[in-house]
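Each remark here refers to the structure printed beneath this line.
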2 protein chains.
Amino acid sequence: MKKLIQHVALYQDHRVLEGQNIAIDGSRITGFPEAPKDSEYDEVIDGKGMLALPGFVNTHNHVAMTVFRSYADDMQLMDWLEKKIWPAEAKLTDDVIYAQSMLGIAEMIRCGTTAYADMYDHMDQEARAVEESGIRACLCRGSIGIGPNAQAGLDENRQLFLDWHGKADGRITVMMGPHAPYTCPPDYLHKFVDQARELGAEIHIHLSETKGEVENIKQQYGKSPIALMDEIGVLDCGCLAAHCVWVDDDDMDIMAEKHVRVAHNPGSNLKLASGVAPVPKMLAKGITVGLGTDGASSNNNLDIVEEMRLATLIHKAHTLDPLVIPAETALNMLTEGGAKCLGYTDVGKLETGYKADITLVDREGLHWYPKNDTLSLMAYSANSMDVDTVLVNGEVLLRHKEFTKLDIEKIKAEAERTRKKLFAQI
Amino acid sequence: MKKLIQHVALYQDHRVLEGQNIAIDGSRITGFPEAPKDSEYDEVIDGKGMLALPGFVNTHNHVAMTVFRSYADDMQLMDWLEKKIWPAEAKLTDDVIYAQSMLGIAEMIRCGTTAYADMYDHMDQEARAVEESGIRACLCRGSIGIGPNAQAGLDENRQLFLDWHGKADGRITVMMGPHAPYTCPPDYLHKFVDQARELGAEIHIHLSETKGEVENIKQQYGKSPIALMDEIGVLDCGCLAAHCVWVDDDDMDIMAEKHVRVAHNPGSNLKLASGVAPVPKMLAKGITVGLGTDGASSNNNLDIVEEMRLATLIHKAHTLDPLVIPAETALNMLTEGGAKCLGYTDVGKLETGYKADITLVDREGLHWYPKNDTLSLMAYSANSMDVDTVLVNGEVLLRHKEFTKLDIEKIKAEAERTRKKLFAQI
């Protein structure tokens with residue numbers, strides 16, 4: 001099926017070109033014709049007044065945790081986990097995970113997100129939701145090496161890879177998901193590395209999120225979490241590392257050398273009082289950085305445009321330098337950088353041959369006036385509700401802010417039904 | 001004219017009451033009837049699915065600077081001012097100010113803002129825009145005491161008070177607006193204090209915004225900007241102080257004693273790399289704090305909900321304490337605290353006898369599901385585009401996200417026309 005997006009402003013090579021056309025055949029971009037004939041296309045999308053960007057990428061999520069959105073805020077981390085989250089997580093079932101994944105995926109699509117990375121449990125159900133919804137996702141089974149479910153986590157992650165990697169027209173890929181150094185002892189991590197090597201899978205892991213974690217790991221192993229992961233071989237598999245708030249120059253040198261990709265989650269890091277990751281320094285060292293929302297239980301939404309705004313703002317004040325993370329850097333983290341984080345080689349740019357994962361942003365809101373500079377307006381003034389149209393793999397999932405294939409009222413009702421069911425047991 | 005908002009969730013006394021009704025007569029809230037009869041009201045507004053909050057207050061703005069939104073970003077402050085902003089500001093005319101004020105006011109209303117404080121030039125034009133738009137505003141003529149326009153600034157601010165204070169059905173109030181200690185020498189500030197005393201006006205001023213400013217003032221006068229202002233009498237007039245990023249314990253003790261109200265502008269302070277104001281400490285000392293966007297040239301939008309979100313997030317990471325600025329504190333800064341900053345005694349709460357400045361927020365977006373806790377969802381997940389209905393002084397200005405009395409297409413066209421006219425001269 002051939003589609004044409006016409007009369008659109010195109011973000012390409014860090015600049016905006018007005019009055020362009022994007023031709024799509026099946027799942028891929030086939031070109032940018034100057035004078036296309038409508039009759040040659042099965043569907044023509046009017047892009048007038050819109051900015052076309054590569055689809056936004058959310059590089060770190062626990063999507064079904066939408067069930068815990070605003071369930072318990074303004075608490076100390078360990079109180080929150082021990083009294084609220086862990087008892088509730090122990091009661092999670094397949095139908096909660098499926099319903100809450102659908103909710104979170106719909107919310108992400110509404111915000112212009114075309115691909116996301118996720119780490120959680122009952123991942124078959126989430127994969128089902130990805131398949132049905134049309135979004136692109138990079139999934140892993142979040143696995144903890146201490147406690148009775150250690151082997152099950154490893155086995156389920158392996159099975160997830162075998163069952164789902166490359167499925168849903170290639171929209172689903174699977175990584176291995178050991179949770180973090182402080183929950184996964186070295187012998188357990190070695191098993192994950194072995195498994196990743198055997199399968200040809202990459203690894204998604206939380207690293208150096210809090211100061212306390214880094215201090216504990218250094219005390220226990222005599223080296224930083226990054227150095228420990230390097231020693232164990234985690235960084236040699238291709239690694240997506242979430243957070244990396246407390247990394248020093250030596251850590252970042254290792255990360256650069258081993259091509260670790262960083263999921264930067266500014267909203268979560270601020271709200272949980274973890275700190276501010278040294279992103280400007282990472283970028284200066286050539287490390288790939290994308291943006292993540294983290295789960296809605298800690299953030300509390302899945303609005304990746306809000307994360308992009310935070311990334312433009314917080315590093316300027318943290319370094320007292322107004323020039324760090326300029327507009328084009330923020331937009332790159334939101335799109336191309338995020339796609340690289342997830343390991344994609346044909347997603348993240350609006351170029352011929354790339355997958356047609358495209359987000360059209362409406363530029364007619366009051367906050368888009370007057371029309372001084374489109375890139376700056378997108379980075380510093382736009383909000384996620386400006387997103388008008390979303391295509392993934394060439395399929396239109398959102399048009400004029402309405403969902404084309406998801407039944408949103410049913411999704412909201414199911415999210416509410418499964419929340420009540422879960423909390424009735426606690 | 002009698003209005004009824006029915007079946008609404010009501011934010012009152014830091015909690016949410018479901019299924020309430022709000023009765024309005026003219027400009028004021030007259031009660032919360034349990035079983036109202038529709039026939040007794042001229043207009044009935046269905047509040048089902050909505051949260052009613054006191055109208056949001058933007059405590060610091062330079063609204064006509066929307067003309068410079070995204071005109072020049074990612075620059076050093078002095079480059080930005082000297083090469084971009086000051087040459088352009090010298091060419092501002094009445095029609096630019098009027099058109100850009102209308103744009104900024106419309107944007108604020110769309111984001112749920114019912115009142116704002118402003119400091120700028122050509123203030124007659126802005127007052128005209130306030131009168132016509134229906135918003136509430138506290139205006140002053142921003143005046144600089146060095147240079148040829150010093151006396152004119154003082155005179156125009158006095159005239160602004162005489163012409164507009166208490167006008168537009170009481171929606172317009174006027175303060176005196178000496179720009180800042182680093183642009184207004186003590187003898188000039190003394191003139192403002194004398195004028196404020198004579199008129200019974202309060203003072204709106206920028207204080208301790210940057211580290212460099214505080215260091216310079218200390219070097220020049222041997223005391224901090226706050227202590228210097230106290231000495232000159234600025235703080236005895238009733239003072240709205242913008243920014244207060246670099247204030248120490250002694251400063252905050254003075255501020256608490258003199259009932260200085262603080263306009264906290266987190267987005268501007270982050271973007272310009274000014275720093276993070278010690279807001280949790282201010283609140284602990286009993287200082288009133290509201291939220292401000294600052295001008296769109298430095299922020300780059302007038303989205304006060306975004307500022308509220310920033311205020312919930314940045315202080316947690318800055319103090320490494322996840323308990324500071326909890327949801328109800330953030331909502332208080334957005335509403336009641338902001339109203340106190342502007343000097344209002346009958347605005348900022350949903351209570352009988354208070355002005356009917358009310359913002360209804362739609363709770364049906366995906367990011368409002370599942371329905372765990374309304375206050376937390378408002379503080380940590382909502383966005384400004386959830387605002388559905390806005391009343392100021394009992395008049396409906398926005399209904400179902402559409403403007404009732406402003407011609408938005410004309411406002412956008414005029415903003416663009418006057419921008420082009422201005423920049424054609426530079």
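Cβ atoms are placed via backbone N, Cα and C, with glycine included.
Taken from TrEMBL as is:
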- B:H60, B:H62, B:H206, B:D294: Zn(2+) binding site (BINDING)
- B:E89, B:R141, B:H179, B:E209, B:D294: substrate binding site (BINDING)
- B:52-396: domain 'Amidohydrolase-related' (DOMAIN)
* Could you list the residues of the same chain, at least six apart in sequence, whose Cβ is under 8 A from the Cβ of B:E209 (substrate binding site)? => B:A180, B:A242, B:H243, B:V245, B:W246, B:N269, B:S274
* To do: Determine the most Cβ-crowded residue among the binding-site residues B:E89, B:D294, using a 10 Å radius around each Cβ and all protein chains in the structure.
  => B:D294
* Note down the number of other Cβ atoms within 10 Å of the Cβ of B:H62 (Zn(2+) binding site), including every protein chain shown. => 20
* Remaining residues near the recorded Zn(2+) site, that is with C-beta within 8 Å of the centroid of the site residues B:H60, B:H62, B:H206, B:D294 -> B:N61, B:M119, B:A242, B:H243, B:A263, B:N265, B:S268, B:G292, B:G295
* Can you count the other CB atoms that lie within 10 A of the CB of B:H60 (Zn(2+) binding site)? -> 28
* Have a look around B:R141 (substrate binding site) and count the other CB atoms within 10 A of its CB, chains all included. => 29
* For B:H179 (substrate binding site): intrachain residues, at least 6 apart, with Cβ closer than 8 Å -> B:M119, B:G142, B:S143, B:I144, B:G145, B:I205, B:H206
* Sort B:E89 (substrate binding site) into helix, strand or coil using the DSSP assignment. => helix
* To do: Round to a whole number and give the Cα-to-Cα distance in Å for the pair B:D294 (Zn(2+) binding site) and B:R141 (substrate binding site).
  => 15
